[in-house]
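Notes follow once the structure below has been shown.
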Amino acid sequence: MTAKDKLYIFDTTLRDGEQSPGASMTRDEKIRIAKMLEKMRVDIIEAGFAIASKGDFESIQAIAKAVKDSTICSLARAVPGDIERAAEAIKPANSGRIHTFIATSPIHMQYKLKMQPPQVLEQAVSAVKLARNHTDDVEFSLEDASRSEFDFMCKIIESVIDAGARTINLPDTVGYGEPEEYGAMFGRLINAIPNADKAIFSTHCHNDLGLAVANSLAAVMHGARQVECTINGLGERAGNAALEEIVMAVRTRQDMMPVETDLDATHIVPTSRLVSSITGFAVQPNKAIVGANAFAHESGIHQDGVLKHRETYEIMRAEDVGWNTNKLVLGKHSGRAAVKARFEALGITFDNPEALSAAFERFKDLADKKHEIFDEDLQALVSDVKPQSVPETYQLGDLEVVCKTGQQPTATLSLTIDGKEHTCSATGSGPVDATYKAIESAAQSHTTLKLYSVNAITQGTDSQGDVTVRLEKDGQIVNGVGADTDIVVASAKAYLHALNLLAAPERSHPQREGI
Ligand code: KIV
Ligand code: ZN
């Protein structure tokens with residue numbers, strides 16, 4: 001067997017994933033996810049875009065302090081202000097990276113940047129040199145590489161490597177690439193550029209044509225040794241290449257792959273659930289690796305084969321990616337230490353004993369209503385806790401709903417808005433509709449409801465309902481989440497969570513603004 005190269009896993013859930021409309025995460029939520037990524041042995045965590053907002057900057061800084069084993073990276077446009085801000089944000093990291101980028105395709109240079117290629121080249125080289133004053137670990141991305149001209153890419157890549165870039169990323173920014181063409185682009189560039197051996201080539205694919213993972217793997221076949229990806233494929237539009245699919249394809253097809261990763265795949269499912277519960281982006285049941293049905297063999301022929309010899313129909317083992325880790329069940333007699341340990345195994349830690357006590361109280365309340373508490377219940381228990389960085393402008397008090405066959409349901413509730421108490425009541429076509437109308441009679445939020453979804457978190461009729469509410473106001477989109485054994489209460493919590501997110505300061509999106 002020939003020695004395999006290492007494939008570096010660069011996770012951008014907290015940066016490109018967060019650019020997905022409605023996927024904004026708070027600092028505390030980002031820290032939780034970053035710690036899970038570290039546990040999974042992700043090599044590089046792109047923690048945010050430092051110049052985007054004060055919140056992004058503080059999140060990167062906090063992650064740089066909290067995470068020790070993974071490299072912490074900030075994105076920066078190829079301009080001095082961005083690079084200085086990124087450098088400041090990653091300063092506390094054991095190992096920090098600045099990732100700077102500029103667009104190189106004719107269409108982006110002409111219409112977005114309004115710059116000539118020589119100017120773009122000059123700006124790229126200056127940016128990399130400036131970043132190298134702060135760290136040895138500098139990555140340079142040619143935004144929209146898959147639509148860029150080959151000779152110009154050769155020139156700019158050779159120059160930025162000479163200027164000190166150690167990773168060269170060739171994004172398929174708009175998801176236009178096709179595996180053979182995109183993979184071959186890597187091979188041709190690596191062969192043509194004289195100093196290509198001084199850098200690691202990286203892939204970064206968007207999923208607009210459903211080809212992000214295929215394109216990433218094709219690039220690996222042609223020499224890429226870093227893959228940029230996100231948990232659950234989270235990301236703008238159709239999302240980014242899914243980390244779990246890349247990692248398991250590399251592992252399962254070792255007969256084909258020239259690389260291996262250091263990842264501990266047993267943390268994949270818990271991390272997927274964490275990201276889904278924090279962002280409110282549900283994972284579709286048939287999603288590869290992390291979907292609820294990914295390992296469910298329903299057909300009689302399959303079941304028979306699996307029982308006789310597992311490998312007849314199974315190419316991976318569910319437990320290898322972290323399924324079935326929720327066998328340990330907690331209940332009303334479980335003590336604080338057991339509950340704390342289970343929270344920690346799920347990547348949920350508490351900053352102080354009071355926060356743990358509050359979570360333990362919520363656990364006890366739930367255990368009174370529900371016999372067995374699973375991992376999914378614990379994750380839901382903390383998903384709608386508003387961290388300090390999201391002020392609780394709206395707070396739910398009592399909620400009463402009266403439903404009777406043949407009559408319109410009526411909801412009556414007390415609500416605190418900015419410290420002022422309101423009592424409101426409304427009727428609606430169903431109990432949730434009545435509750436939302438009652439909330440709106442006091443909140444007058446002028447938002448548009450884009451999505452309402454409710455899922456059972458676990459099996460059984462005593463399951464908690466997990467509600468996601470997507471609201472839009474003046475172009476800003478947020479996802480509120482709420483969980484409770486009573487789905488009307490869960491719905492109210494999710495709605496108020498969304499209103500609280502809308503009331504929090506908004507972040508800008510410098511990647512769209514160009515330079
Ligand atoms: O898709 C893209 O081009 C990006 C770059 C900033 C790396 O996200
Ligand atoms: Zn991207």
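Cβ coordinates come from backbone N, Cα and C, glycine included.
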Site co-member for Mn(2+) according to TrEMBL, given Asp16, His204, His206, out of Asn191, Asn232, Asn240: Asn240
Chain-mates of Asp16, His204, His206, Asn240 with C-beta within 8 Å of site centroid, Mn(2+): Thr12, Pro171, Thr173, Cys205, Asn207, Ala212, Glu228, Cys229, Thr230, Gly235, Glu236, Gly239, Ala241
For Asn240 (Mn(2+) binding site), the number of other Cβ atoms found within 10 Å of its own Cβ: 32
Candidates His204, His206: member of the binding-site residues with the richest Cβ shell (10 Å): His204
Three-state secondary structure, His204 (Mn(2+) binding site) (per DSSP): strand
Intrachain C-beta neighbours of Asp16 (Mn(2+) binding site), sequence separation six or more, cut-off 8 angstroms: Glu46, His204, Glu228, Thr230, Gly235, Glu236, Asn240
Mean per-residue pLDDT computed across the domain 'Pyruvate carboxyltransferase' (7-269): 97
